[in-house]
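Per TrEMBL, the features are as follows:
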TRANSMEM  20-45  transmembrane segment
DOMAIN    36-290  domain 'G-protein coupled receptors family 1 profile'
TRANSMEM  57-78  transmembrane segment
TRANSMEM  90-115  transmembrane segment
TRANSMEM  136-157  transmembrane segment
TRANSMEM  177-207  transmembrane segment
TRANSMEM  236-260  transmembrane segment
TRANSMEM  275-297  transmembrane segment
Amino acid sequence: MNNSTLNEKDNVYQHPMPLILRAFLTSLVAVLLVVCNIFSMNVLAMTKQIPKISRMCLINLAFADCMLGLISCAPSVPSSVTGTWLFGEVFCQISGMNLCANATVSIWSVLLVSIDRYFAILHPMKYRDIITEKRLRITIGFMWLGAYGLFVLPVLLSKRFIYYIYSPKEIVCGDFWQFAWFGIMAVVSVPVLTSIGLLYCTISIVLHLRAHKNQISDGSKASDGASKRNIKAIKLLVITASAYYLAWMPYAIHLFIVLIPKDPPFVHPVLKFCLLWTGMSNSFTNVLIYLSVYAAFRHNGLILINKVTCKLCLGKIIEKSHQSTLNSTATG
């Protein structure tokens with residue numbers, strides 16, 4: 001990134017997007033990321049119809065997306081108004097690293113779901129021996145360490161340990177690929193290798209289900225029910241992965257266009273903003289996917305909303321009752 005995009009107090013960048021629009025969009029994405037993923041984590045914990053291992057992976061996915069909203073998107077809201085980063089260089093490193101690492105953990109969590117369903121459907125006899133809660137927790141732990149380890153690397157190699165910077169064009173503190181080699185490595189290693197794993201598991205599951213479709217007895221309700229659950233699982237997997245890549249692919253293509261040529265083409269600041277924030281907005285779409293695929297998730301979601309609404313209403317009633325009691329005591 002050139003010097004014109006750096007956060008300088010004496011030269012505040014004037015973004016071409018109207019202030020009200022950019023403040024509204026950044027606020028909307030930040031709020032939706034946090035609220036939708038807190039909602040998703042709670043409803044997933046209630047939805048026993050989704051296999052437990054898959055639920056743990058999806059809850060981990062929702063947690064990563066929620067942290068992206070809290071630590072990376074929310075601090076950008078005041079910056080969308082002022083045009084400058086308000087929280088210092090140290091927190092900028094944390095925020096930028098969090099953005100990259102949590103986006104990585106998100107797609108790796110989807111990969112874990114695909115691996116879980118691969119063994120559950122193709123190797124059911126060995127499934128309980130291979131896939132256990134303990135192994136999953138260890139895998140998730142290493143997944144987080146790997147994601148943060150990958151994106152802390154350029155910080156350790158930078159002068160003054162400052163690598164992630166605030167860009168007033170994208171209105172976020174993040175990785176703008178000062179090390180071209182790291183940008184290419186990260187873009188290739190995370191999405192491409194993960195895609196290979198997802199495609200292998202998904203295609204294997206689909207071929208297996210098609211091959212065994214005619215073998216399911218019409219009179220076997222248990223087999224028919226298991227088949228429907230497997231179809232829902234693969235549908236959820238395909239839609240979730242597709243939504244992720246559709247959201248982030250334009251930004252990844254933009255990176256290759258900007259990083260590889262010696263004389264990169266001009267990219268309008270509004271387009272830069274839209275590409276990055278479209279990618280980040282994917283983190284609240286998963287709850288919409290769960291609502292569309294699983295009736296049990298919709299049912300439990302309504303139960304949770306009713307509980308929260310009732311508590312809020314009850315709290316207001318108690319407060320009004322308490323206030324009226326105080327008023328009557330005072331007048332008496």
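Each residue, glycine too, has its Cβ placed from N, Cα and C.
Where the annotation comes from TrEMBL, it is an automatic prediction and has not been curated.
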Stretch winning on C-beta pairs under 8 A with the transmembrane segment (57-78) (pool: 177-207, 236-260, 275-297) is 275-297
Going along the chain, which residues at least six beyond the ends of the transmembrane segment (90-115) come within the CB cut-off of under 8 Å? 54, 57-58, 60-61, 64-65, 67-68, 71-72, 75, 131, 136, 139-140, 143-144, 147-148, 150-152, 155, 161-166, 172-175, 186, 190-191, 194, 197-198, 201-202, 205, 233, 236-237, 240-241, 244, 248, 279-280, 282-283
Model confidence over the domain 'G-protein coupled receptors family 1 profile' (36-290), as mean pLDDT, sits at 88
